[in-house]
Structure formats: C-alpha cells, structure tokens
Amino acid sequence: KDFSLTNEKDAHSSDSDENSERGNWSNKGDYLLSMVGYAVGLGNVWRFPYLTYQNGGGAFLIPYTLMLALAGLPLFFMECSLGQFASLGPVSIWRILPLFQGVGITMVIISTFVTIYYNVIIAYALYYLFASFQKVLPWSDCFSWADEFCSKTRIVSDCNTTLHGEIIHANYSFIMSNNLTCINGTITYKPVQFPSEQYWNKVALQRSSGLDETGRIVWYLALCLLLSWMIVGAALFKGIKSSGKVVYFTALFPYVILLILLVRGATLEGALDGIQYYIGRQSNITKLMEAEVWKDAATQIFYSLSVAWGGLVALSSYNKFHNNCYSDAILVCVTNCVTSIFAGFAIFSILGHMAFVSQRPVSEVVDSGFELAFVAYPEALSKLPVSPLWSFLFFFMLLLLGLDSQFATIETLTTTIQDISPRVMKKLRMPVTLGLCALLFLLGLICVTQAGIYWVNLIDHFCAGWGILIAAVLEIIGIIYIYGGNRFIEDIEMMIGKKSSSFWLWWRMCWFFITPVLLMAILIWSLITFSHPTYGSVLYPTWGTAVGWCMIIFCVIWIPIVAIVKIVKAEGNLVQRIVSCCRPAANWGPYLECHRGERYSHIVDPKKKKEHEIPTVSAFVY
C-alpha cells in the first residue's frame with residue numbers, strides 16, 4: 001500500500017517540479033496545448049461559421065476582432081495571471097477577495113453542469129464515428145427506418161400552369177400527366193425531411209415528442225457515453241502529467257483533419273459558392289450598424305475563449321511562477337480565433353457543394369449547432385465519393401475537439417478538490433478522478449434517454465448563459481475595483497517583470513472600464529431578449545422551464561450565501577465586517593515562500609492553515 005501511495009504522489013508531481021506539493025506542467029508545450037484544447041471546442045466549428053454567414057460575412061470579422069481585443073483577451077489574461085500567481089484553483093483563488101468566494105463556487109458548479117451534457121455530445125460524435133464504418137453511410141438514403149416524408153430531393157406539391165390559354169393552379173401529378181410545365185416562381189414544395197435529419201431524430205436519438213415523454217435509455221448512446229467517460233478518466237488518471245501528453249494528439253490532430261476537409265472541399269463543384277456565402281461577395285458592411293451583430297460577436301468571443309468557467313485559472317495554477325502568462329494569453333486567444341475562421345472555410349466549401357448537388361441555394365443548407373454537426377454536414381459528406389472516409393474524419397475531429405475541452409473541465413473540478421483537501425488528492429488522485437467520472441456518467445444518463453436532447457438543450461440554454469456572465473462581471477469588478485487594479489498589475493509584474501506605464505495603458509483601459517461595460521451590456525441584453533427554451537419547433541413544458549431556472553439559481557445562489565457566511569464569521573460591526581471581507585485573506589499571495597518577496601513577506605504559510613479539515617460549503621471559507 002505504501003508503495004502505491006508513493007507512486008500516486010509522484011504521478012502528479014516530480015522532483016523537477018518547482019511546486020512539489022501541487023505539481024507543475026512537465027513543459028510549456030503541455031500547458032499551451034491544454035489551453036488551446038480547452039479554448040478551441042465544438043463552437044469554433046459549428047457556431048462561428050454560421051454567425052459569420054448570418055452577420056454580414058467578412059464584415060463580421062471587424063466586430064469579432066474588436067471584441068477579442070476589448071473583452072476576450074483582457075479577461076483571458078486576467079484569469080491566467082490570477083491562477084499562476086497564487087497556484088490555486090477557481091475556488092481557493094478567492095483568498096484574494098473572500099467576500100466574492102461564491103463566484104468561484106458558481107464557476108465550478110456551472111462547469112459541472114456543462115461537463116455532464118458536453119460528454120453527451122461527445123457520445124453523439126462517437127456513435128456517428130462508429131456508424132461511419134460501413135460501405136454505405138446509413139443516413140445517405142431513406143432506408144427502412146424512414147417515413148413517407150423522407151426524401152433526398154425536394155418534392156413539388158403544386159404550382160401554376162397554363163392550360164388552354166388560361167392560368168390555373170394544379171397539383172404536380174396532374175401537371176405531369178398532362179405534359180404541362182410549371183410557371184417559374186409559382187412552385188410549392190411538400191414538407192420533406194432529408195435522410196440525415198430523419199436518421200438523427202429516429203435512429204440516433206430515438207427522439208420522443210418532448211420533455212414530458214422521457215422514454216427509455218437509448219442503450220447504444222449510453223455505451224458511447226460510458227466510453228467517452230472512460231477515455232476522459234484514462235487521460236486524467238495522473239492529472240496534468242498524463243493529460244498534458246494526451247493533448248499533443250487531441251489538440252493538434254483536428255487541425256490536420258480540418259486541412260484535409262478544406263483541401264477536399266475546395267476541389268468540389270460549388271465550393272466557391274459556399275465560401276462566397278461565408279466570407280466573400282455576400283459580405284454586407286451595413287450589417288455593422290445593427291446592435292445584434294455586435295452582441296453576437298461579443299458573445300461568441302466570450303464563450304469561445306472559455307473565460308469565467310474556472311478552467312483557465314485551474315490550468316494556469318500549475319505553471320511555474322515566472323512563466324510569461326502575457327505572451328501565452330495572446331498566443332492562445334489568437335490561435336482560437338484563427339481556428340474559427342479556418343474552420344469556416346472547411347465547413348462552407350463542402351456545404352457549397354451540397355447546395356450545388358441538391359440544386360438549392362446555400363442559405364437553405366447552412367445551419368448551426370446540432371443541425372450542422374449531425375444533419376447538414378453529414379448529409380453533405382454522404383454525397384462525396386468514398387463518403388465513409390470523410391464522415392469518419394469529420395466525427396473523429398468533433399470527438400477530439402470535445403475531448404480536450406472536457407479534459408480541462410474535469411481538471412478544473414479535481415483542482416478544486418485538491419485545494420480543499422490536498423492530502424486526499426496526493427494519496428487518492430486516481431480513485432477520486434475515476435469516481436468523479438463515474439458519478440458524472442450516472443448523472444448524464446438522463447441525457448441519453450429518448451428525451452435526452454431536450455435535457456442537453458435545456459442545460460445549455462440556462463447554465464451556459466447568464467451564470468457565466470454574472471460570474472465574469474463580478475470577477476472583474478471584484479479584482480479591479482475592490483482588490484485594486486494597480487495592485488493586481490504589481491502582482492503580475494512579480495511574475496513577468498517590471499513593465500512600462502505605456503505597456504499597461506491598454507490593459508488598464510479595458511480592465512477599469514471597457515470590459516466590465518461590455519460584459520454588463522451583454523448580460524442586460526441577454527436578460528431583455530430572454531426567450532423560453534425550444535428545440536426546433538418543440539416547446540418546453542412550464543415545469544421544464546422551471547427546472548432550468550432552478551438550475552441557474554442553484555449555480556449563482558452561492559454568491560450571496562458565501563458572502564453572508566463570510567460577513568457573519570467576521571468580527572466588528574457590520575461595516576467593519578464587510579470591509580474585512582473585502583481585504584485579501586492572510587494567506588493570499590504566491591504559493592511558494594521563495595516567490596513572495598517583500599510585498600508578501602507577512603504571508604501565513606498555507607500549510608499551517610487547516611483548510612482541508614473544513615468540510616462541504618465551509619471548505620470554501622478560509
């Protein structure tokens with residue numbers, strides 16, 4: 001037993017680590033690829049290209065780039081610096097401002113909700129990956145599972161025609177039987193569904209009529225979900241020492257596949273039409289006058305970079321103290337945005353070919369989210385020669401994009417556990433990690449029932465929205481206005497060296513004014529434009545919407561609860577208690593004594609604090 005415990009300790013930290021207690025990344029590449037893998041996810045492939053097309057094509061890149069500079073990058077740099085400075089996870093990091101420690105708890109709980117449904121999407125990709133190992137793709141035609149509405153082409157219902165010199169309206173069978181022709185612009189088509197759409201709903205999901213009809217667990221999706229959690233557990237059983245190596249494949253290989261898909265797509269007829277819809281002649285500069293376009297750009301940047309989820313703080317906490325987090329933040333953010341643009345070319349070139357083959361405008365085959373990943377794009381791939389190969393590559397890419405984001409999210413949760421109970425994680429890292437994966441698998445089973453897609457959509461609609469925005473707004477207000485922006489800059493300079501006042505001018509402008517104003521605007525806009533959740537044309541029952549509200553309330557309620565607990569436990573009158581809770585905790589500062597310098601020479605050694613003895617909610621109160 002002693003031998004196994006020693007191995008467990010060495011698995012997460014080694015003799016070469018600067019921080020022997022928490023461990024460090026084996027090298028800079030492990031960290032950067034983990035960050036790229038976390039930031040670059042499914043949204044880069046299935047949301048950004050659609051937003052670009054919808055919001056003026058190439059013109060959309062102007063607000064997108066501006067929002068990167070004004071909102072995304074400042075928050076990203078702040079979180080990376082914060083985690084690296086104190087070498088703590090998203091909850092314990094709030095020693096910086098004890099009153100706001102509930103913000104860290106909110107981040108972790110939202111990440112937990114999201115990781116449950118995110119792995120279900122990975123399970124969908126696994127299912128389609130396995131389904132691609134057939135000579136004929138099962139969604140390439142209307143097979144035995146299809147109904148009468150399934151068709152590979154549009155079916156004419158009726159139209160106007162000329163008969164004996166008069167214009168009449170007739171059904172298409174009458175027109176064909178009398179060798180008549182339809183007058184252009186008068187054709188009405190029957191409501192049909194493409195094979196890929198029916199396969200997604202009837203076979204893959206076995207989708208029920210709504211949230212009210214839970215149905216049974218879809219066994220093959222449950223097995224795919226189990227496999228996806230086994231992959232995550234296997235990659236993380238040694239913490240960052242194992243996941244840091246896995247990401248060399250999971251973060252880099254999607255770029256190879258995107259390049260292959262782009263080259264193949266560019267050689268197809270109609271590809272140019274697709275790309276022109278994406279970013280070419282269809283660009284509409286007047287769209288920039290619409291507030292919705294700027295809101296979409298800010299929202300996409302915010303969610304794409306994964307700020308305010310806690311993951312950036314957790315991953316950066318394993319950096320060495322003097323790592324240049326400034327250049328890392330810029331590199332990862334730029335890589336994320338370039339990936340989004342690059343993915344758009346790969347997606348739209350093949351969708352352009354699909355439009356050409358099916359003789360429809362590109363606007364009718366473009367979609368986002370699940371419809372793009374599991375309906376429109378598979379339909380397009382099924383029309384290519386050697387279609388199983390292209391289908392395999394596409395879904396393998398989705399699998400990898402999802403997995404490395406999932407690795408980072410689970411690492412966020414295990415880092416939180418480690419900060420609360422470091423002794424447990426040193427001895428039992430593997431059982432704790434595998435146990436966490438098993439628990440999240442069980443919680444995710446409701447998402448692989450016949451009503452599972454409705455649950456996935458519901459969690460995404462509520463948890464991945466306002467909660468993150470609220471956490472981000474409070475995070476930047478707390479650190480810049482209460483802890484002190486200039487004080488925070490001094491902390492950063494302890495890591496990356498002294499910089500000139502002109503160097504910090506841009507960051508001060510963003511942190512003190514621009515970024516919080518933008519985040520508040522997005523939050524208010526989201527609240528004003530709130531709509532009840534729907535999936536396609538299916539409306540959610542009232543109780544379903546109520547469950548969504550309960551989820552988001554459960555996520556954010558810890559912010560006031562922890563603040564109240566802190567104030568109650570403080571000493572003095574009410575004002576004195578609030579003021580004391582707005583000051584950094586006695587043990588706030590660099591984790592290792594050798595990095596504290598004069599500014600933090602007074603720090604209380606965290607090893608002397610009995611944090612790990614405080615259970616559950618109180619564990620977050622130092």
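Here the Cβ of each residue, glycine as well, is placed from N, Cα and C on the backbone.
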Cysteine paired with C150, where TrEMBL records a disulfide bond, from C142, C159: C142
Listed stretch, out of 99-130, 217-237, 330-356, 505-526, 546-568, that has the most CB pairs under 8 angstroms to the transmembrane segment (297-318): 99-130
Long-range Cβ environment of V40 (Na(+) 1 binding site), under 8 Å and at least 6 residues apart: A251, P254, T335, N336, T339, L401, D404, S405
Any contact, the transmembrane segment (465-484) to the transmembrane segment (389-410), with at least 3 Cβ pairs under 8 A: no
Criterion met for the transmembrane segment (546-568) and the transmembrane segment (99-130) (at least three Cβ pairs under 8 Å): yes
Candidate recorded positions G37, C142, C150, S304, pick with smallest Cα gap to N44 (Na(+) 2 binding site): S304
Residues that sit under 8 angstroms from A39 (Na(+) 1 binding site) by C-beta distance, when 6+ apart in the chain: S304, L305, S306, V332, C333, T335, N336
